[in-house]
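Trainee: Pasting the feature list from Swiss-Prot:
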DISULFID  C4-C25  disulfide bond
DISULFID  C10-C33  disulfide bond
DISULFID  C14-C35  disulfide bond
DISULFID  C21-C38  disulfide bond
MOD_RES   W28  3-hydroxytryptophan
MOD_RES   C38  cysteine amide
Amino acid sequence: GFGCPNNYQCHRHCKSIPGRCGGYCGGWHRLRCTCYRCGGRREDVEDIFDIFDNEAADRF
């Protein structure tokens with residue numbers, strides 16, 4: 001599920017998505033891969049990938 005709890009695999013997964021520069025594992029037991037847009041501003045985090053259903057949930 002998008003590599004979490006391994007930050008490196010999550011980051012690589014996010015970089016493969018157009019418009020995303022990376023990602024990190026967070027949430028309960030670090031099982032959620034959160035991707036961020038290029039620019040690195042915290043409020044630009046948009047897509048959250050959950051290891052349980054592997055679907056993107058739009059935050060906005």
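Along the chain as shown, residues are numbered 1 onward.
Just so it is clear, glycine is given a Cβ too, placed from its N, Cα and C backbone atoms.
Buried or exposed, and what's around them? Tell me for each listed feature.
Mentor: The secondary structure of C4 (disulfide bond), as reduced to three states from DSSP, is coil rather than helix or strand.
Taking the Cβ of C10 (disulfide bond) as centre and 10 Å as the limit, one finds 26 other Cβ atoms among all the protein chains shown. C10 (disulfide bond) carries a helical DSSP state (H, G or I).
In the three-state DSSP reading, C21 (disulfide bond) counts as strand.
DSSP assigns W28 (3-hydroxytryptophan) to a helix. Sequence-distant contacts (6 or more apart, same chain, Cβ under 8 Å) of W28 (3-hydroxytryptophan) do not exist in this structure.
Taking a C-beta cut-off of under 8 angstroms and a sequence separation of 6 or more, C38 (disulfide bond) has the following same-chain neighbours: G19, R20, C21.
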Trainee: Within 10 Å of the Cβ of C33 (disulfide bond), how many other Cβ atoms can be counted across all chains shown?
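Mentor: Neighbour count, Cβ to Cβ under the 10 Å cut-off: 28.
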Trainee: What residue among the disulfide-bonded residues C4, C21 has the most other CB atoms lying within 10 A of its CB?
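Mentor: By the 10 Å Cβ neighbour count, C4 comes out on top.
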Trainee: Near C35 (disulfide bond), how many other Cβ atoms are within 10 Å of its Cβ?
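Mentor: The answer is 24.
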